[in-house]
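Asker: Structure provided below as structure tokens; questions to follow.
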Amino acid sequence: MAEEGDHVENISDVEQSHHESASENGVMLVVNHSNIQPPFSVVLATLLYCAEFVCAAVLCNVYHKSDDDIWMGSTIAFMLVPAVLTQLALTFIHRDLGRDRPLVLFLHLLLLGPLIRCFEALVVYFKAGKEEEPYVTISRKIKLKKDQATPMEWEIGHSERKLATHRNAFKRTAVIQAFLGSTPQLTLQLYANIQEKYFLPIRLTLMVICLISITYGALVCSVLAINIRYDDYKVRLRPAAYLCMILWRGLEIATRVTSLVLFSSALTYWVILVGLGNLLFFFLQPWAEFWARRASLPDNVEKNFSKLGTTVVLSLVTFLYACINVFCWSAVQLDLGHRDLIEMKQHWGRLAAYYGGRFLENSVLIALWYFYKSDFYSYVCAPLLVAQLLICYSLAVLFMLLFYQFCHPCRRLFRHNVHDCLACVCCCRRGVGRAGEGHPHSYSTTATMVLVPLEPPDLTSQLGEHETAIVEDMEAA
């Protein structure tokens, strides 16, 4: 969220071809020679944007020929709104309004902004390393390897910083596209399939693309949350971690969308209350916490913004946060008074409350559908479908627990892991009615995920002012 960390946030995406040397203060210096990884995230986000837009346009033509004006209008709305917001986000992040780039702005007006941005990123990538360029900044990170923490420095050149800016921009637009466009589009098309009682090939294709886009957007949310919370560390996720997150997010989103669509097919108007209730709750929650803390608005959102402009931007961010939480766990909690807008501590209690409440809500929606379903489902084994949905959501929670227990890149910094928290809950339940018996727990039952210092060499004597502040924050935790 904060601008200062955006340029070096994705340094872990850079596969270094370097030599390492220990400087006088003990910091490992890594001299980068611009062996940069391809901008796969930029290309993937662009492909998903184009594929969804084209499929939605073709489907609108099909609806127009069959005189399905309601389906056509809704599809156009869910196609154009996220596309326009994507153009605005890219223009805002790259600050093109104050630069003389008429062609780029014209392409944004034609909703082709992601294409020109992807082309620019590929040009930067293929030109990188051909000429030696001076570094423009130094990135300081702590590298975790087994039980050791090694402070390191990277010299970041112009190409690395430009690609990092493109990656950061496309990550944010991928989230906008996923939860303001793909999610309502997928819900609409699945509902249309049930109402019309047949599958169109182009509609099925659009649904698959939307599900991939939503899963990718949720994956980006999880990775961004890790990068923001552990900004002082070099974070690298293993393939097993990505696989675990894809299964977790895919099952969670598919089950949630299916539950809402089935409920809406039986009780059409009641689903509006369910959706608005969820949206209002998650929209007002960060503002209620902000007012309870009596905090003040951050002044680093944009230098030229007034109080009103800052409030509008924060409201849009909160709306996106609410839309994400309606369908899946956002992986972050907003702190509107913090400079990064993100609460750095992740509380296990909130995570457990969200998934427990969501599981209960999905179960109630599916049960109501089961009792009020139409005759269309007479050829479907309804009890089996209910069981499949509940099992799929349980599997999503299981993969989430496996990720935090075994695949999280910074799990060595956790004071308590998933196993400890589950054991804490079990012990608390067993201890009800036996107050005062047994030994006190060695950790707090609030189950808060916090950072603890490892036992590396004496970092305080090795680092400069920036690194010393990092270590002091770790020891204070």
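Cβ coordinates are placed from backbone N, Cα and C, and glycine is handled just like the others.
The annotation transmembrane segment is assigned in TrEMBL to 42-64, 70-93, 105-126, 206-228, 269-288, 308-332, 352-372, 384-406.
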Asker: May I ask for the residues of the chain that lie six or more residues beyond the transmembrane segment (384-406) and have a Cβ under 8 Å from a Cβ within it?
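Answerer: Non-local partners: 240-241, 244-245, 247-252, 254-256, 258-259, 329, 355, 358-359, 362-363, 366-367, 370, 417-419.
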Asker: For the transmembrane segment (206-228), find every same-chain residue at least 6 residues outside the stretch whose CB is under 8 Å from a CB in it, and list them.
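Answerer: Residues 1, 5, 9-10, 12, 44-45, 48, 51-52, 55-56, 59, 171, 174-175, 177-179, 181-183, 185-186, 189-190, 193, 235, 237, 242, 245-246, 249-250, 252-254, 324, 327-328, 330-332, 340, 342, 344, 346, 408-410.
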Asker: For the transmembrane segment (42-64), what are the same-chain contacts with Cβ under 8 Å, counting residues 6+ beyond its ends?
Answerer: 71-72, 75-76, 78-79, 83, 86, 111, 114-115, 117-118, 121-122, 166-167, 170-171, 173-174, 177, 181-182, 185, 189, 200, 202-203, 205-206, 209-210, 212-213, 216
Asker: Taking a Cβ cut-off under 8 Å, which residues six or more beyond the ends of the transmembrane segment (269-288) line up next to it in the same chain?
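Answerer: Non-local partners: 260, 263, 318-319, 321-323, 325-326, 333-336, 361, 365.
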Asker: Residues sitting near the transmembrane segment (308-332): Cβ under 8 Å, six or more positions beyond its termini, same chain?
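Answerer: Same-chain contacts beyond the ends: 1, 175-176, 179-180, 183, 214, 218, 221-222, 224-225, 228, 249, 252-253, 256-257, 275, 278-283, 286-287, 297-299, 301-302, 341-343, 351, 354-355, 400.
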